[in-house]
Amino acid sequence: MDIDSLKNEWEELNKEFTELENCNRRYIELLEQLHSRQQICFNEIKHQRYRMNQITASLRQFKGPVDVEVKEKVDELQKMTLKRKAQLHEIEQSLPAKSGRYLQIILGDVNVSILNRNDKVRYKDDYEKFKLILNVIGLIMAFFNLIFNYRALELAFIFLLVWYYCTLTIRESILKVNGSRIKGWWRAHHFISTVAAGVLLVWPQGEHWQIFRMQFMYFNVYISIVQYLQFGYQKGLLYRLKALGERHNMDITIEGFHSWMWRGLSFLLPFLFIGYWFQAYNAWTLYKLAFTPPDAPWHVSVMSGLFLLLFVGNMATTLWVVPEKIRERSKERYRLLSMGKSMKLRREVKNSASDMDLASSANGGSTTQAATMTKTPSESQQPPVDEKKEI
């Protein structure tokens, strides 16, 4: 290739770079506009909540005996307030949220908000796959620990538990920032489990550990199987509800029951309660080990208290969540309606953007055709140059 051809190539590259600069300039302008619009939305949401709180406080004066007409208006205002709260919640899902204190300590002041709904679903699915893979690995390692009594294998398994629960707390905090409505206890459960795994990791090998060791491994095998069953039920539940358009994409807990869901839940609940009672049995065993044999290390008492705390929290939360969610059907209905409107708005915006892209492509094509028709005969006889597709 001669020097003139290389110079022509460079000139074409310069033209493409000019287009890149224009595209980047437009991108920066859109980013600045995006930040400005986000601040406007935050201020408007704050204003809406302030005015709603004022109206709610004023409605308290109508708690006593009032006329039928006034009571109907009060009920209507209360229903509209519930609907507006659900609408504001859906609007907030499209805006960045501040990270909690835990994420700020772990990751620093980093924005972990995922604004694209498809990316949120992808991250949530990755979270579920992560739990499934680690549960299978934990099941295999616990099974090998039942067969072989090697300290290195025990420590590897316990270290896996520490890393697993630490990672879960971070991932669930990111999900919480992005709109997941996971119950506070389930997040606290994983924090407590992280502490328990850390205590197990530093528990010295001795008589007390050897007495409790087999029971602990059997417990982990059972829990891994139950978590696998729960994963299958949960994935099927979310798939059916998302197919019906009745579920938030970031939900990861067993919530929002309908009558047809009890068939799968009735199969799962006995396994969950057996696992909870297994935790209570672990607490009782460790409590007895704290006194006999003598000279028990402090790890025994601490683990007994942690297992008891997990048992009480799991039982209380599970027994409270199911009937509570059934009673919240009216609030859930407003949330689903607002989510449907939000998704419809997103589709309209996406279709509008696609139409604009098609229009701009058509204009660009006609301009290119006109430019080709105005070429000189000498230009039209030149060999074609490889064209690059526009991004």
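Placed from the backbone N, Cα and C atoms, the Cβ positions cover glycine too.
Features reported for this protein in TrEMBL:
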TRANSMEM  132-150  transmembrane segment
TRANSMEM  156-174  transmembrane segment
TRANSMEM  186-204  transmembrane segment
TRANSMEM  216-239  transmembrane segment
TRANSMEM  260-278  transmembrane segment
TRANSMEM  298-322  transmembrane segment
REGION    349-391  region 'Disordered'
COMPBIAS  360-383  compositional bias 'Polar residues'
Tally Cβ pairs under 8 Å between the transmembrane segment (156-174) and each listed stretch (132-150, 186-204, 216-239, 298-322), then give the stretch with the top tally. 186-204
Positions on the same chain near the transmembrane segment (298-322), where near means CB under 8 A and six or more residues out: 183, 185-186, 188-189, 192-193, 195-196, 199-200, 202-204, 208, 212, 253-255, 257, 265, 269, 272-273, 275-277, 279-280, 282-284, 286-287, 289-290
